[in-house]
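**Student:** Below: one structure in structure tokens.
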Amino acid sequence: MEGLGRSCLWLRRELSPPRPRLLLLDCRSRELYESARIGGALSVALPALLLRRLRRGSLSVRALLPGPPLQPPPPAPVLLYDQGGGRRRRGEAEAEAEEWEAESVLGTLLQKLREEGYLAYYLQGGFSRFQAECPHLCETSLAGRAGSSMAPVPGPVPVVGLGSLCLGSDCSDAESEADRDSMSCGLDSEGATPPPVGLRASFPVQILPNLYLGSARDSANLESLAKLGIRYILNVTPNLPNFFEKNGDFHYKQIPISDHWSQNLSRFFPEAIEFIDEALSQNCGVLVHCLAGVSRSVTVTVAYLMQKLHLSLNDAYDLVKRKKSNISPNFNFMGQLLDFERSLRLEERHSQEQGSGGQASAASNPPSFFTTPTSDGAFELAPT
């Protein structure tokens, strides 16, 4: 990191007009970012799954930044900061004394940005020092903090990482899921090596007893459906037919969502979860499928596991990954699962507070960041 640090004075000058536009990335936790931040900074929202991809080189850091993912690095610098500016090494000058753990978000991003040609630096002393020296250049989402000179900022805070990731500008189902099925092997969970294409199972994959994950081909295979006792079929596409809808032996539900970064799949989570529950309560098999069985159907299945088994996003994703190694939800769907995870935690906290006779905090409903389009708002949770 030697020579890559920039002082608070340098940043103050860069933020003063008419300086070139500076991209500020806040590498702290979402909670700290929402509480207070440097004016104009974007929060880096990287779950462990995407951070692992970034470290392994499976994901380009360019895809995380605003703008088209294939655009060249901008001439303006990128400045990253954390809370304290790194760790001090004894006996060294402050300007050369800051370092980060190899696994940290800031250290990983700084290294990858430099490797990809960005003018990337870190802020010496981090947010704590800058806030102390330049409080007028900081802002907060909390309205009217007594004694604070930081400006409150209404509305959702901007986030970098998942919302800006896009698989294509106007991709069809065949150009997204099907292509990603063949290109995404080995990009997700550590230690998972997908089998050769010719050796992949031809039947749907069992995730839980009676819960199956599959593709369009699986949904059209009457023999395998009968063999597995599947009577309920959740079709997560806008245009694939329900092949046996006229057959009274099957119950269908269709979620008309394309595999595209602009789609809000999370608003269908409650009814999808209810449909799966109905099938399992009847001791019937249920198939959740999309086109290739790697993105939309995986997202719905992971959401179901998170709510019904009280799993974290990482644990639910890894459970599905162990069963089906080639899964690859598009990045905005991953962001919606992150929001869903936060909502589940808030719901559980609210239930605990009610059970203990307390009252839920009035600030317990922060905005969701990835439920696009934004007019759809946040989703309500189905009862567990």
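Cβ coordinates come from backbone N, Cα and C, glycine included.
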**Student:** With respect to Swiss-Prot, which of the residues Ser189, Ser258, Ser262, Ser375 bears the note phosphoserine?
**Tutor:** Ser262
**Student:** Which of the listed positions, Ser325, Ser351, does Swiss-Prot note as phosphoserine?
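**Tutor:** According to Swiss-Prot, the phosphoserine annotation belongs to Ser351.
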**Student:** Let me know how many other Cβ atoms fall within 10 Å of the Cβ of Ser16 (phosphoserine).
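**Tutor:** A count of 9.
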**Student:** Give me the mean pLDDT over the domain 'Rhodanese' (18-139), rounded to a whole number.
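**Tutor:** 77, rounded to a whole number.
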**Student:** Which one is it: of the recorded positions Ser262, Cys290, Ser351, whose Cα lies the shortest distance from the Cα of Ser16 (phosphoserine)?
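**Tutor:** Comparing Cα positions, the candidate nearest Ser16 (phosphoserine) turns out to be Ser262.
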**Student:** So how many of the residues in the domain 'Tyrosine-protein phosphatase' (203-346) end up helix, strand or coil by DSSP?
**Tutor:** 67 helix, 23 strand, 54 coil
